[in-house]
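Taken from TrEMBL, the feature domain 'HAMP' covers A:343-395. As annotated by TrEMBL, domain 'PAS' applies to A:400-455, A:689-736. If you look up TrEMBL, you'll see A:474-527, A:763-815 marked as domain 'PAC'. TrEMBL lists A:847-980 with the feature domain 'GGDEF'. According to TrEMBL, the domain 'EAL' annotation covers A:989-1243.
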Amino acid sequence: MRSSIGIKLGFWLALLGTLSTGLTGYYVYDRSRVMLVETAKDKLLNDTQGLGHRFADALAATASNVKLLANLPLSTDIASAKPNTELPIRKNQLAEIFVSLLNAHPEYSQIRLIDTRHYGKELVRVDRDRDTLKVIAEAQLQEKNHFPYVFETVPLPADQYYVSEINLNQELGAHQGFGKPTLRVAMPIKSTNFTIAVVVINVDLDGLFEQVRSNISDDIKLLLSNDRGDYLIHPDDAKTFGFESGRSFLIQDDIPDIKAILAGKQQHSAFATSDTQSLAASSLAAFVKLPLGSASSGRFVMLGLYTPLQNVLVESKALGVGVIEITLLFSLLASAISLLLARVLAKPLNSMTTAIGQFKLGAPLTGLPTHRNDEIGYLANSFMSMTEQLNSQIAELHASEAKLHAILDNAPVGIWLADLDRHFLFVNQTFCDALGLPEARFIANEQLAELFGAEIAARFLTADQECLAQADQPHQSLEQIKFADGKRHTIQITRTQLQDINKETVGIIGIAMDISDRQQAANRERAHNHVLELLSKGAALPEILQAVVLGVETQNPDLLCSILLLNSEGNRLFIGAAPRLPDFYNAAVDGLYIGPGVGSCGTAAYFGQRVIVEDIQNHTYWGPFTELAAQAGLGACWSEPIRGASGRLLGTFAIYQRHPAAPGAEDIQMIEQASHLAGIAIDRSRSNEELQLASLVYQNSSEAMAVTDAQGMIINVNPAFTELTGYALDEVIGKNHNILNSQRQGEQFYQAMWQAINSSGYWKGEIWNRRKNGEIFAEQLTINTIFSVDGLPQRRVALFSDITQKKQSEELIWNQANFDPLTGLPNRRMFHDRLDQEIKKAHRSGLQVALILLDLDRFKEVNDTLGHDMGDLLLKDASQRLLRCVRDSDTVARLGGDEFTVILGELEDADNVERVVNNILQRLVEPFQLKTKVAYISASIGITLYPKDAERIDALIKNADQAMYAAKHQGRNRYCYFTPSMQEAAQARMLIAEDLRNALETNQFEVYYQPVVELGSGAIHKAEALIRWQHPTRGTVSPAEFVHIAEDIGLIAEIGDWVFKQAASQVKQWRKRYHPDFQISVNKSPVQFYDGHSRDTWLEHLQTLELPGQSIVAEITEGLLLDASNVVKDQLLAFRDAGIQVSLDDFGTGYSSLAYLKKFDIDYLKIDQSFVGNLSPNSSDKVLCEAIIVMAHKLGMKVIAEGIETEQQRELLLESGCDYGQGYLFSKPLSAMKFEELLIRHGTSKSTASDLI
Amino acid sequence: MSIIAKRSATVLTYFLTIICLATSSWVYARETLRVLTWDGYADNEVVSAFEQRFDVAIELTLVTSDDDLWQKINSRSYDVFAVNTAELQRYIDQGLSRPIRMANIPNHAQQLQRFQDLQAIPGLVRQNDIYAVPYTYSEMGLIYNRKLVKTAPQSMSAMWDAAYRGRVLAFNTSNHSFSLVGLLMGVANPFRMTDPELEQATRELVRLRRNVLTFYATAEEATRLFAKYDIALIFGNYGTQQLKALREAGADIGYVIPREGALAWLDCWAITRNSQNPELAEKWINYTLEKAVSERLTQQHGLANTITASLNDSTQNKPIIWLEPILNPLARKTLWDRIISGEAPEAF
């Protein structure tokens, strides 16, 4: 049911009444509640303050009691009496007073008089004990000085009292206050301003509050806290004095509003609490702060009362109920009034609704309450005028529709309207006239098929449906319809949906426009464009020509066309395109020789003119072909010559008719257009073929090509160019060719090149250019110029290929031939070239050339000990150092191994040589860091000068070699200039060297033995083997003369081994014959140590001879140990393991490093003869010898003194403790035979030293 | 329906209601861990962080002396408590504590090397059961007021010095007080004093009582008294913690380890035998051994912790006497209560 206006109005009025009553009631209720709470709060605060006052009064009363006691003369007497004074009577009197006070105040639990001068000893004490009062006996009195109520009271001035903090009494004793909350009030008793005693009253807090609580009702709860907020009284016993039991319960945690009082900001406060807090929730609470004792102590307690809010609000609740009752009553009344009002209002409205319901268009409106003089009457009058207006507007609408009809009928397009069932509602006159059908036939709902035929009708239906399906845009379609004029016309039909005022589709509007002419022109245009498109795409010629032919044929389906092409000789025609002519006809015509009367085309080609044959069968040109034409069904042929752009004849274009016919103006235009198009196509196609061929060559050439304009701007490059230079076409186009410049050629080079190009247009040569990636490459370049017709350069074509590899190979070969691969220095060959050049230059300039030959000392050791890799590193480093010592123009070359040369050319001052050489020596002695190892070497340098020393290269080299040799023998790490005497010495050396090579084979060597005598006993168990060379012509050659040559030429090992073997077989004999421990020492050159073979030879040989190692002593020099490498160390260790002893020769003359004495196992020290020779008592040499001897003995070595010549020397040495001696005093070196004689002699005569001589 | 049936239905309804109320309140109540410990061992921040993390409530009770601790454990129930290694023994003896499952204390692995081997620390392990986990330690030296005491005292006997009468703060505890006197007397074992030794010590303690201002209970109380009175000497029961508190209050103090040796305590966490939630108690112990929590001991309260090595550990190279179990703690306690109550020397 619809709720009428009356009911709605009634409802809202009733609601309003109810709400206003309810809100007023609520306001009254709420105000009364607030007032009640405020009043209750004030009352509670009053109660709290009253309680506080009573508490304070009770304290004050206690204080006055304490004061009374303190001021009693009795108290002072007892307190000031001397200790141990018995005052039983007086004490009893005081106790009596205490008792009466305790009786009067049940809240007091203890009263004491305390002697503060004697550790706080209680003098009189009365306790409340189980409801009786007990005077404590003397023996049980305690000392209390250490309790705050004593030590805090003592300093107080007279008349000031002390109130303690409230805590649980933990003092032992028989009093009732033990374990109870206790407050102590105390006062000092003074004697001449000095506290002698204290009176203390203990107040039981619970008892106190029982008294002061008085009339406060039970539903009001009491809270008490100390100044920190700890509960002293709390409804929950567990929380009362929680701090005494280790728990922390604070009032400010339960009631946050309290903080202001605790902080001292307020003295009291009353408030309603929230319903969320744990204590006193939804309550009224009031708190006051109560000071304890003097204000200066700052001590206070906080007292509070709280009561639940619900207790306060009982009255307020009753008021609330009243308000609800009144509200209900009012709302009932309001509802009844509202219903009545609704009935009165609704009646006239109902009658008006009925009248309007019966209204019809055009008819006047009647039965409205227009007479009423209120809103309803106004409404009725408004309806009346509205219906009158409506009727007049409908009349105007009819007139306007007639106007529109006239316009539509006369529009130049066909227009119709159909409903959704395809019934025509309207067809305009234009459409009816075009089709020749009266409008009545459309409107009579004749079937579409009957009007347009079944095919068109079906398409109409489809188009209508599509139109209805697409709401947003008009639907367009094309249709071929035969008009009343009998022609088929192409019409474009636009359909749109016909919509009513609600945008709902109610039918279709169709508009048809005749577009036949326009479409024909478009077809022609399209055919033309198609041909041009094929041309531009570079399609094959037959395809294009076929398109030309089809274009004409499509527009005129009754025509047949052909294109014949003229051959290059210009005498025959071949089929270009004739798609619709019969094959047999085309086969017959193909290859036709042109000539007058050879059909239309043959004649047209021959004369170069259009030929029109209107009737083939009766035309002389077609005489030979009439039968063929008849067979092909051809009646007429119009032929037009095809010409190229240059006017050259290219072929013919022909149009055939099936029947004899003459061309109209349109036909002539068509034939001209077609032949022109064919001409363009043939021209273009032929030139494209030529271009493609050229481009193919260009693109596929392996030579890089670049085409530039006359100014060198790049126009085009081929793929080979891109591959070679790295530049793509679009990166270089428009750029100058010189972007490839490498700057390797100078300006002159380019000048010469351009000169050639400008004069002849051509240049060819090798050039260094730069790739895009920065790499330099060599190219073989040819540049050609293309000149324009007026002889000016138009284009330049650059052709080039990469010849870098070839160049590099050439360079590599040259480098390998001339440079040392390890150091990169010139090799011997290059050195010769340079030296040659320098000599020539010096010859011209008259200046000198210095040739320096340099050999690295001890390089072989580095190689042997650290390995060849390190050796190579050293050579590299050395060569760099050498290069840094000379000028750029000088040459440093490596001749091989560790041999270098330096050529200092064009010397103005020969002194410079010395400077350079000194520098070289200095640089080379600096340590070489070879990866992790360090090596030390030096150099020996020979210098010779051109032209002073020699003028020929080979002579200079030889000189330098000799000078270097001299430097080596002068002790290395130095240089020598070549001198003529050097040459002589060299020659002598050479001779000795040659002789040495023969000496071993020809047994020219002999081993001599010099005895080594035990100084103490004179016994001979040792000898030193010494080599002697009996040269056939030179006589005896001293070892000093030939040993170093033997070392140089590598013979020393062989000679050394020979000596060793001699000595070994000798010692074997002598051990057998003379002494089982006989021992021969053999000198061993450092060179032998580095020849690994030697060691093994010794040990094997000893084994073969079955000789123990002890039979041999190896004599070495200090120098060996000084640069001892592992090789030396290992060999010495191997000797030791085999039992071979080691003797250190010439001790004291060399480096005499004591460190190696410790490091190596040395068995004997041989004091050099230079010390022994100058030996005399008190001489420094004697001291030296003694020192050496002591030191050697301490190190576990024996000492042999060499070169003992006098008895005095022997004695002095013996005194000094020397172990053995050797020298002419005993014997010079002897041949084996003589030595044996000496032994025999010595064995028989048991000699003194002199006997030996 | 008979009257009886009706009545039993009513009873049943009440019963169900009560059950529902009881269980619902039980379901919604948070678990509570009752911790009994010393000031500074579990400050507010540490406690509330634990409460939040494990959604439990902590009921924290502080003790002020070993006597207090013994008294509390024997009168109420707790879950976990902090006790020194010596005192721990009587708790184990009396079956008041239970073994700890070290698997539940993974943070034990973080403790310093010397706290790793619990067997090596006397008193923690009994019959292969571990009863306590070390938490903090300190020695109890003598604090002196640099303004009043010009020369640093060498011995605890300075507390008896009449020159400082009424300016000495001693500590209110029975066990250390007697041990201290025992040390000064040179007894064989200050923790196992014979009756005559105790008797003599009692007299000495009465003498001490006569010389002190008072016996303090908490470090905070000592600091307050120091500020108010001219205190010359304080027995540093709380060790380094007390030093920090005093210095922060602006006191100019010195600290000495007396020549007779300072007593030292190693406080550990232990779990009570009747703990209602030993798992939670173990969680608590493990939690306090977290680096951040343990370091708070040092940073906030001046106490040593067992996780990070202290910079200047005062226990190094000084005469330190680690607490040992007291022979008869009850006897000492009884005597001490009498002493502190003020009984005259003649009474002993």
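Cβ atoms are placed via backbone N, Cα and C, with glycine included.
In TrEMBL, annotation is done automatically, which means it is predicted and not curated.
Source: prediction; values computed, not measured.
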**Request:** Among A:343-395, A:400-455, A:689-736, A:763-815, point out the range having the most Cβ pairs under 8 angstroms from the domain 'PAC' (A:474-527).
**Result:** A:400-455
**Complete:** Note: vs the domain 'PAC' (A:763-815), the recorded stretch with the largest number of Cβ pairs under 8 Å from A:343-395, A:400-455, A:689-736, A:847-980, A:989-1243 is A:689-736
**Item:** DSSP residue counts for the domain 'PAC' (A:763-815), split into helix, strand and coil
**Value:** 12 helix, 30 strand, 11 coil
**pLDDT averaged over every residue in the domain 'GGDEF' (A:847-980)** = 88
**Asked** So how many of the residues in the domain 'PAS' (A:400-455) end up helix, strand or coil by DSSP?
**Response** 30 helix, 10 strand, 16 coil
**Message:** Using DSSP, what is the helix/strand/coil residue split across the domain 'PAS' (A:689-736)?
**Reply:** 23 helix, 12 strand, 13 coil
**Message:** Per DSSP, what is the helix/strand/coil residue tally across the domain 'HAMP' (A:343-395)?
**Reply:** 36 helix, 0 strand, 17 coil
